[in-house]
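Per Swiss-Prot, N-acetylalanine is recorded for ALA2, and the stated evidence type is a large-scale study or a structure entry. The Zn(2+) binding site annotation in Swiss-Prot covers CYS61, CYS66, CYS85, CYS88. Marked as N6-acetyllysine by Swiss-Prot: LYS564. Residues annotated as repeat 'Gelsolin-like' in Swiss-Prot: 634-720.
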Amino acid sequence: MATYLEFIQQNEERDGVRFSWNVWPSSRLEATRMVVPLACLLTPLKERPDLPPVQYEPVLCSRPTCKAVLNPLCQVDYRAKLWACNFCFQRNQFPPAYGGISEVNQPAELMPQFSTIEYVIQRGAQSPLIFLYVVDTCLEEDDLQALKESLQMSLSLLPPDALVGLITFGRMVQVHELSCEGISKSYVFRGTKDLTAKQIQDMLGLTKPAMPMQQARPAQPQEHPFASSRFLQPVHKIDMNLTDLLGELQRDPWPVTQGKRPLRSTGVALSIAVGLLEGTFPNTGARIMLFTGGPPTQGPGMVVGDELKIPIRSWHDIEKDNARFMKKATKHYEMLANRTAANGHCIDIYACALDQTGLLEMKCCANLTGGYMVMGDSFNTSLFKQTFQRIFTKDFNGDFRMAFGATLDVKTSRELKIAGAIGPCVSLNVKGPCVSENELGVGGTSQWKICGLDPTSTLGIYFEVVNQHNTPIPQGGRGAIQFVTHYQHSSTQRRIRVTTIARNWADVQSQLRHIEAAFDQEAAAVLMARLGVFRAESEEGPDVLRWLDRQLIRLCQKFGQYNKEDPTSFRLSDSFSLYPQFMFHLRRSPFLQVFNNSPDESSYYRHHFARQDLTQSLIMIQPILYSYSFHGPPEPVLLDSSSILADRILLMDTFFQIVIYLGETIAQWRKAGYQDMPEYENFKHLLQAPLDDAQEILQARFPMPRYINTEHGGSQARFLLSKVNPSQTHNNLYAWGQETGAPILTDDVSLQVFMDHLKKLAVSSAC
């Protein structure tokens, strides 16, 4: 029989699902006492090369309030050609096409190995993909040139029938006509005035009939492909013209006097982009790709004035309620994000500048629509260029790794209710019998819209056990959950992916050990971290840390083995032993600690944490540290100051940064040039090994991490020193002068002190 670890891994590979608990407590009361909620990490479009989509539509339950999809958990009467829904127990007739089914001739959706299955919807017209570039022209010359080259390169990566459009902005906003005649025309809008969707569509001529003979018919925006085709054209038609147009783009002509910022109308440019797509291609897969090199400084959505002597808001300003533009700007971008999400479009933000660009205010545009957020120092860096190129990578079938306009519908058996979701989604406000009144994350619904997603996009979905304590579930009973994702594939097909899972119920009184053994501490850590980060958006930082600490203490009290008032007796079983250290590193992470990070950086880190899969999320919480030495092959070592030794090279992966750190002796040898001497060939190989491994990570990761190569005493060694557990500090005098690692100059508590304190509180009867 497979161990729980193997079971968890198999389910993740097959269904893209990781649950916090893999055996479920059978009553509401007991579930609340488990501390960590029953929840899962769902990767709706996890890549499955072994799962070709079936070319027919799913069979649905006939009950209007259910509409669950036929799945391997349903009871089937092959003689009568009936099936019973495992969620509402409705008996349903099979459609005529299923007339030949039997125990030995089952359709794929009834086979246990197809707990996840994908259907291709044949009906309905297919729509092309749409890419609308919104480009800031208030950039330095070399930055603008690099961005233009990246955009020109991207045209060659788009499908030939994809529609593409261009909006540029500085003090004014220009919507470019993309005709094939080679004449450059554009509509110019003032950057200080907000316009309604109707005004934008009227000004661009999107609501007028395309030809005089159509005057008699009332005009509908999406009825006039001619009108929209002036601004959105197939790549194969305007490839050359658009390449030339991009090449001719100039810096914003408005002069910028000394001591002033350029006037940048980002808010109006985005508003026009949203209005253009809203009027021409609602409910069609589209990406608005915003490229900005500085903060919005005028019009709706401005986050700072044009006076350089007045800096952009900091965390200190926000805490003192001294960020005068923040609330109004955030409201503007939230309104745009909600309109974009309602139309099934997504917004990407590519912000490259040395100072902040307003990501804090604009974050909802990417967070609510499933768009990408990329932050860098300049468009003229490999970090931006390679990250941007990676957006257009293709899968094993030659299709883009992106999907559009998805809706996620969650169905549960009657003992469960849905509390909410945390991830790149918005609520569709679909109430129903399986929706809980207690909200965790975005709740009050059983359906969410995810306008942009890729094979790693992951949502945290939280549930509530509602079965009462006095109505026991029969022995061997199983709870079931179905995830139904409707989406537009990058090949423009409409598809439906259905994942149906079941887990055993267990009585906590008699089967607590089973429930304990089925605890997935990695998934639980990420799910609790998502809750913490979600709370951090609206609560004070110390309050969130206190909440996380309380949950950890309660969990240790519930599942630890100990004698009252005796911290030395405290033990956690293997399935819980790593959880406290995940929480220790989470408390120190940039998701919850804003010290030393700008508001934009915090928004960027939190954006990625809310959408990455389990493996990447764990790296973000607790970075991975590898050691390279002459003593053997590279090996993972503790993320601890004791691992920083003079004769070692360390490679640290934090997801956002890849840090190579040379120990003191290694750094001296490199300085002396030993690697260039033939007799020290092995030293040359030692120096090269972490570089090769770092390159491998850099090639695979999206967004591309920042690459830092440093050494003992180097200024950038701080990236490593700030992440490791400070087990040796300037206060541990006994460690000085010994080969026990590097002392860290910090007042932060170490993991050992944290654990000692946790044990003390867990065994205390006062808690």
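Cβ coordinates are placed from backbone N, Cα and C, and glycine is handled just like the others.
These figures come from a predicted structure and were not determined experimentally.
Shown on the structure are the features that Swiss-Prot records.
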residue: ALA2; record: N-acetylalanine; Cβ contacts under 8 Å, 6 or more apart: GLN10
residue: CYS61; record: Zn(2+) binding site; Cβ contacts under 8 Å, 6 or more apart: LYS67, ALA68, VAL69, LEU70, CYS85, PHE87, CYS88, GLN90, ASN92
residue: CYS66; record: Zn(2+) binding site; Cβ contacts under 8 Å, 6 or more apart: CYS85, PHE87, CYS88, GLN90, LYS411
Subject >> Cβ-Cβ neighbours of LYS564 (N6-acetyllysine) (radius 10 Å) >> reply: 8
**OP:** Please average pLDDT over the repeat 'Gelsolin-like' (634-720) for the predicted structure.
**Re:** 97
Original post:
Among the binding-site residues listed here, CYS85, CYS88, whose Cβ has the fewest other Cβ atoms inside 10 Å?
Top reply: CYS88
**OP:** May I have the DSSP-based helix, strand and coil counts for the residues of the repeat 'Gelsolin-like' (634-720)?
**Re:** 44 helix, 22 strand, 21 coil
**OP:** Compute the mean position of the Cβ atoms of CYS61, CYS66, CYS85, CYS88, which form the recorded Zn(2+) site, and then list in sequence order the other residues of that chain whose Cβ is within 8 Å of it.
**Re:** SER62, ARG63, LYS67, ALA68, PHE87, PHE89, GLN90, ASN92
